[in-house]
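Features reported for this protein in Swiss-Prot:
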LIPID     GLY2  N-myristoyl glycine
LIPID     CYS3  S-palmitoyl cysteine
MOD_RES   TYR32  phosphotyrosine
DOMAIN    158-255  domain 'SH2'
MOD_RES   TYR336  phosphotyrosine
MOD_RES   TYR345  phosphotyrosine
ACT_SITE  ASP396  active site, proton acceptor
MOD_RES   TYR426  phosphotyrosine
MOD_RES   TYR446  phosphotyrosine
MOD_RES   TYR537  phosphotyrosine
Amino acid sequence: MGCIKSKENKSPAIKYRPENTPEPVSTSVSHYGAEPTTVSPCPSSSAKGTAVNFSSLSMTPFGGSSGVTPFGGASSSFSVVPSSYPAGLTGGVTIFVALYDYEARTTEDLSFKKGERFQIINNTEGDWWEARSIATGKNGYIPSNYVAPADSIQAEEWYFGKMGRKDAERLLLNPGNQRGIFLVRESETTKGAYSLSIRDWDEIRGDNVKHYKIRKLDNGGYYITTRAQFDTLQKLVKHYTEHADGLCHKLTTVCPTVKPQTQGLAKDAWEIPRESLRLEVKLGQGCFGEVWMGTWNGTTKVAIKTLKPGTMMPEAFLQEAQIMKKLRHDKLVPLYAVVSEEPIYIVTEFMSKGSLLDFLKEGDGKYLKLPQLVDMAAQIADGMAYIERMNYIHRDLRAANILVGENLVCKIADFGLARLIEDNEYTARQGAKFPIKWTAPEAALYGRFTIKSDVWSFGILQTELVTKGRVPYPGMVNREVLEQVERGYRMPCPQGCPESLHELMNLCWKKDPDERPTFEYIQSFLEDYFTATEPQYQPGENL
């Protein structure tokens with residue numbers, strides 16, 4: 001179809017840090033090549049980074065690679081996720097403290113430094129609050145997920161809020177972190193309790209993470225073991241920084257944090273003027289448009305997807321985008337803003353390592369071992385489990401539509417738009433631009449897209465991971481794939497793939513959609529793949 005793909009070099013840029021807030025970041029649509037500067041070796045890989053082979057990339061609509069990838073997704077219903085501190089719910093607290101530095105993006109924003117204190121004037125907007133800096137006396141808007149009530153547990157550097165066990169392990173096990181590094185988070189299993197997660201080391205397991213449940217007393221105190229009780233969490237943490245006292249290791253330093261993404265670019269920056277965007281480096285080109293690295297308002301680095309006129313109706317796109325921006329999860333790429341008149345522009349978070357497919361084939365991903373690959377699959381399942389809970393549908397789940405950031409963080413992109421495409425070679429479902437090899441048979445043949453057809457696609461995506469980006473059904477053309485799958489053919493276990501993972505793939509490929517597992521089950525299976533026989537929480541010595 002004359003679709004071409006170009007890709008630039010890449011380098012580290014935006015890092016991930018889960019927020020201190022009830023629900024993580026926003027949602028989106030986007031895939032593209034990596035940042036055009038230097039190649040940075042993947043810390044988790046066993047070999048050094050390599051140069052990108054730009055000549056071996058194939059066609060995609062928006063610069064992923066391998067085959068055609070439009071964008072993907074459709075919606076039915078959804079639930080609105082509350083922001084960090086929903087309007088009117090600051091509990092009477094008016095003094096908040098900054099958790100991170102922030103550089104103003106507009107004339108209405110306030111720049112501030114970590115530790116700066118604010119009086120909150122108006123928090124009815126949810127994501128962006130009007131505040132007055134106590135230090136400077138200036139008024140302006142601040143991102144609500146960058147602040148916490150002064151002198152609260154949320155303002156403590158070691159408190160990471162609502163974070164799962166697996167995400168805690170990912171952060172603590174990042175390269176460069178030492179034994180004893182720690183964080184405190186909400187308990188996943190016990191309401192009102194907390195968990196202390198510590199990086200440890202032993203001869204059998206090497207680097208690992210231990211989790212200790214912090215329980216709450218009826219009188220408001222806290223303890224890990226009843227023989228050592230504390231009035232506050234702060235006192236508990238201080239005690240264990242001075243003595244291991246039964247833990248695997250005394251607490252040394254707080255786990256490093258990275259600024260979270262703001263919810264949107266700025267207050268009221270949703271439908272933005274085209275002139276506010278500067279397209280700087282073209283990252284990819286495909287059948288339906290281009291992807292650029294650029295800058296918004298001269299201040300903020302973003303990814304910009306430009307759609308060819310006629311790809312979809314602007315009114316339908318804007319309606320779908322309104323739904324997509326309300327979906328927020330730290331494994332979904334946040335949708336920042338749109339230019340809603342043709343040519344449509346879609347503005348999203350920039351992810352430094354580009355698409356998962358390119359990362360596996362041409363980047364540091366080709367050196368990854370099974371534990372890292374399974375963890376990436378678990379992250380994707382985490383994001384899809386959220387989409388499942390929100391009664392949303394992706395429609396085009398594949399490695400080319402997953403973006404990779406620093407430290408192997410994966411985020412789902414390009415959902416919510418596939419059903420809006422008006423190209424005949426795509427809407428025919430068996431046309432040249434339709435991703436047959438990733439699509440469940442009931443969706444390809446009859447247009448029955450559901451979360452269960454997404455589960456089928458996830459099974460195909462798993463083969464992309466373990467084969468480092470190999471095209472599914474090697475040696476077979478689209479029509480042959482459709483015929484053979486209908487007759488019961490399923491891909492054999494890829495070389496080097498454990499049979500237990502192949503069994504999960506086959507569950508995803510059940511002919512009856514109702515027999516396929518939920519993403520909640522898949523996430524749990526993958527997160528516990530290497531640790532299923534270990535206790536979730538450590539009792540500690542003499543505890």
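Quick reminder: no glycine exception, Cβ is built from N, Cα and C everywhere.
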For the modified residues TYR336, TYR345, TYR446, the one whose C-beta sees the most other C-beta atoms within 10 angstroms | TYR336
Which value does the mean pLDDT take for the domain 'SH2' (158-255) in this predicted structure?
-> 92
Can you tell me how far the Cα of TYR336 (phosphotyrosine) sits from the Cα of TYR446 (phosphotyrosine), in Å?
-> 34
Whole-number Å value for how far TYR446 (phosphotyrosine) lies from ASP396 (active site, proton acceptor) (Cα to Cα) | 16
How would DSSP class ASP396 (active site, proton acceptor) in three states?
-> coil
Other than its own, how many Cβ atoms are within 10 Å of the Cβ belonging to ASP396 (active site, proton acceptor)?
-> 30
Alpha-carbon spacing, TYR345 (phosphotyrosine) to TYR446 (phosphotyrosine), which is rounded to whole Å = 31
Could you give me the DSSP helix, strand and coil counts for the domain 'SH2' (158-255)?
-> 18 helix, 34 strand, 46 coil
